[in-house]
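Enquirer: Can you keep this structure in mind? I'll have questions shortly.
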Amino acid sequence: YLVNPAAYAALGAYMFLLILIGFPINFLTLYVTLEHKKLRTPLNYILLNLAVANLFMVLGGFTTTMYTSMHGYFVLGRLGCNLEAFFATLGGEIALWSLVVLAIERWIVVCKPISNFRFTEDHAIMGLAFTWVMALACAVPPLVGWSRYIPEGMQCSCGVDYYTRAEGFNNESFVIYMFIVHFLIPLSVIFFCYGRLLCAVKEAPAAQQESETTQRAEKEVSRMVVIMVIGFLVCWLPYASVAWWIFCNQGSDFGPIFMTLPSFFAKSAAIYNPMIYICMNKQFRHCMI
């Protein structure tokens, strides 16, 4: 054991809790949306996409991590490590790029930079395809030799190799690519869209043709998406910051817990998105009941 066995027991229990909440809540989101026609709006396709990404994380990643934390090290070998890290990365990236698509959708609908634009089913499907392409562009390279997935922290879960400059893997270039293309750029787009959105909401009453109910509905959706973004940042920023610090200070000393805590905190992302969605979407709650 790298650390006190009790820490592994706590980790296992935490993962069990995440599976216990994460699976039903994401499955419910999927099921209710597919069951009720009126919920099948283009915007909800993206939220469905988030639920699918979370299920990937729960089934592909969390189950593996719970199993390995019972053993105190990563027992599933190279293949298991690759699979677990792939699903965790894919899920996290689909969530991030889905938030980008939602942010762009909010910006276009509320700020109307393109007049007479309607967010249709085709746009939603293009948005979905885009999130998957971008997520795969981040999760696949370590499987095919550009960087690699290795056990991290307490060695119960795997992630991208920020730790070493291993020969032949080009870790540095991948980590820099990942941070810029799959973290900074999406966040910049999200912040740009919400910056414009806040300005538009302030200027809105002066130039409004739409009914009050439409406005209220748009505001509610915007509020929900903003809270999802804040939730994403709360979950993923500590992990990204620690990973970047380790990458910049390779060879310096840090304990296994240092990387484990933010990494496992980030995993809670699979629960909060559907919770926000269920808590803030009246129509969804009615259909659920």
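Including glycine, each Cβ sits where the backbone N, Cα and C put it.
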Enquirer: Under the topology that Swiss-Prot records, do VAL3 and GLN283 share one side of the membrane?
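Expert: Swiss-Prot topology: VAL3, GLN283 on opposite sides of the membrane.
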Enquirer: The disulfide recorded in Swiss-Prot for CYS81 goes to which of CYS158, CYS193, CYS199, CYS235?
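Expert: That would be CYS158, the partner Swiss-Prot lists for CYS81.
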Enquirer: Hey, what's the Cβ neighbour count for CYS158 (disulfide bond) at 10 Å?
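Expert: CYS158 (disulfide bond): 30 neighbouring Cβ atoms within 10 Å.
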Enquirer: Counting Cβ pairs closer than 8 Å, which of 45-67, 82-104, 124-144, 224-245 has the most of them with the transmembrane segment (174-195)?
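Expert: Per the Cβ under 8 Å count, 82-104.
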Enquirer: Give the one range among 45-67, 124-144, 258-279 whose Cβ atoms make the most pairs under 8 Å with those of the transmembrane segment (224-245).
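Expert: Per the Cβ count, the answer is 258-279.
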Enquirer: As a test of reading the model: what is the averaged pLDDT for the topological domain 'Cytoplasmic' (280-289)?
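Expert: In the predicted model, the topological domain 'Cytoplasmic' (280-289) has a mean pLDDT of 82.
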Enquirer: Between the stretches 45-67, 82-104, 124-144, 258-279, which wins on the count of C-beta pairs under 8 angstroms to the transmembrane segment (8-32)?
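Expert: Most contacts with the transmembrane segment (8-32): 45-67.
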Enquirer: Would you mind listing the long-range same-chain contacts of the topological domain 'Extracellular' (68-81), meaning Cβ under 8 Å and 6+ residues beyond its ends?
Expert: 1-2, 5, 8-9, 11-12, 15, 149-151, 154-158
